[in-house]
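K.L.:
The annotation compositional bias 'Polar residues' is assigned in TrEMBL to 250-267. The region 'Disordered' annotation in TrEMBL covers 243-267. Look at TrEMBL and you will find 35-56, 71-92, 99-119, 125-148, 160-180, 200-221, 306-327, 372-395, 401-423 tagged as transmembrane segment.
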């Protein structure tokens with residue numbers, strides 16, 4: 001449903017109207033883009049809490065008496081929330097802008113609140129599973145809001161617009177796992193005369209609930225730049241159509257309730273050279289195909305099939321490994337592995353691989369390079385799973401290899417979508433659809 005006189009949807013128009021008016025009348029476009037990009041990157045630094053799930057599983061077993069099967073159900077529903085909801089989020093983002101994703105991502109707050117009180121009151125694992133489904137869905141919405149905001153601001157620089165937010169997301173798990181090691185998040189108790197300390201799950205969940213409330217608001221503000229540029233370009237397109245029909249003599253009224261306070265922003269737009277292309281011009285307004293036709297061609301492309309197969313066979317098991325580190329630690333290798341160390345190693349090598357492959361991919365910028373990195377990641381994943389099956393004594397090496405494979409695939413998959421199919425208006429739907437296979 002489109003707003004009257006504007007190609008923005010009614011939802012996007014109403015959600016962002018006052019914030020757009022304020023930003024566009026008080027700041028230049030370049031300043032809005034710069035600070036929106038910084039804000040979107042900043043939110044990525046705290047959005048990978050799902051990767052730290054294995055830190056909580058020992059307490060789920062000892063405090064809540066959950067079985068391994070029940071923990072797998074909880075982590076499985078978290079993965080379903082993370083990877084099966086993206087196609088819906090992608091469609092909503094394409095239709096109504098990423099600002100709607102920011103609001104949907106705010107369910108992280110009630111999700112962690114529900115998880116916190118499920119832990120404190122020792123509720124049934126079904127309640128905890130529901131909580132982590134909300135956490136997974138909220139993580140997906142919040143992260144892709146940040147990613148799409150960065151992608152739309154700098155569409156011609158994939159290393160900046162994709163690899164950098166993906167890398168920051170990878171750093172998030174390292175940052176959060178290190179944060180949870182602080183004494184403030186520890187619970188100390190005396191067991192048979194021995195002083196022990198473990199992670200305070202209730203404290204962590206309450207902190208994350210408060211954190212994601214702030215992250216959601218910041219994400220919403222930063223994503224509005226996409227709607228501002230869409231509105232400006234829709235106005236320009238309307239002016240161009242009017243001029244071609246009326247011989248260039250007709251005048252176009254500002255649309256979507258624009259008032260005199262907006263003049264400074266729109267004057268900046270009109271002062272740009274005629275051949276300058278803003279972030280969304282080529283990608284959203286010069287496409288002859290409708291959404292259904294483009295999406296059908298996307299599904300029929302051989303590259304889509306290769307991408308889907310790699311995600312189905314590799315990233316799913318990688319996620320399973322990460323979520324079960326708490327259970328694998330005592331039985332793989334020497335059985336004395338520190339779970340927090342495993343998560344940290346995984347996060348470090350995942351981040352390094354995201355930085356390296358993202359920078360190299362951005363420098364070379366070809367689909368062939370992207371395929372090459374995906375094949376390397378698949379090979380590394382196969383090696384790591386083989387080591388697990390052989391009960392390799394050093395679990396730290398396995399976690400590091402899996403971190404490299406995981407980070408490479410998560411960087412190369414959106415890069416491949418952008419390289420082959422471009423930053424079109426349907427980038428959200430295409431990329432989000434490819435994530436289904438992980439679940």
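From the backbone N, Cα and C atoms, a Cβ is placed for every residue, glycine too.
Whatever TrEMBL says is automated annotation, not expert-curated.
Each of these features: where is it, how hidden is it, and who are its neighbours?
P.N.:
Outside the transmembrane segment (99-119), and at least 6 residues removed from its termini, the chain residues within Cβ reach (under 8 Å) are 11-12, 15-16, 49, 59-60, 63-64, 89, 92-93, 127-128, 130-135, 137-145, 148, 201-202, 205-206, 208-210, 212-213, 215-216, 219-220, 223-224, 226-227.
Outside the transmembrane segment (125-148) by six or more residues, the chain places 40-41, 43-44, 47-50, 53, 60, 64, 66, 70-71, 73-75, 77-83, 85-86, 89-90, 93, 98-99, 101-102, 104-112, 114-115, 118-119, 162, 165-166, 169, 212, 215-216, 219, 222-223, 226, 414, 427-428, 431-432, 435 with a CB less than 8 A from a CB of the stretch.
Within its own chain, the transmembrane segment (160-180) is flanked in space by residues 40-41, 44-49, 51-52, 55, 143, 146-147, 150-154, 199, 204, 340, 343-344, 346-348, 350-351, 354-355, 357-359, 361-362, 407, 410-411, 414-415, 418, 423, which lie at least six positions past its ends and keep a Cβ under 8 Å from the stretch.
Note on the transmembrane segment (200-221): residues 19, 36, 39-40, 42-43, 46-47, 49, 56, 59-60, 63, 99, 101-103, 105-106, 108-113, 115-116, 119-120, 138, 142, 145-146, 149, 180, 184-187 of its chain, located 6 or more positions outside it, place their CB under 8 angstroms from a CB of the stretch.
Tertiary neighbourhood of the transmembrane segment (306-327): same-chain residues 51, 53-58, 68, 71-72, 75, 78-79, 339, 342-343, 346, 371, 374, 377-378, 381, 384-385, 388, 399, 402, 405-406, 409-410, 413, 416-417, 434-435, 437-439, selected by CB-CB distance under 8 Å and a gap of 6+ residues from either end.
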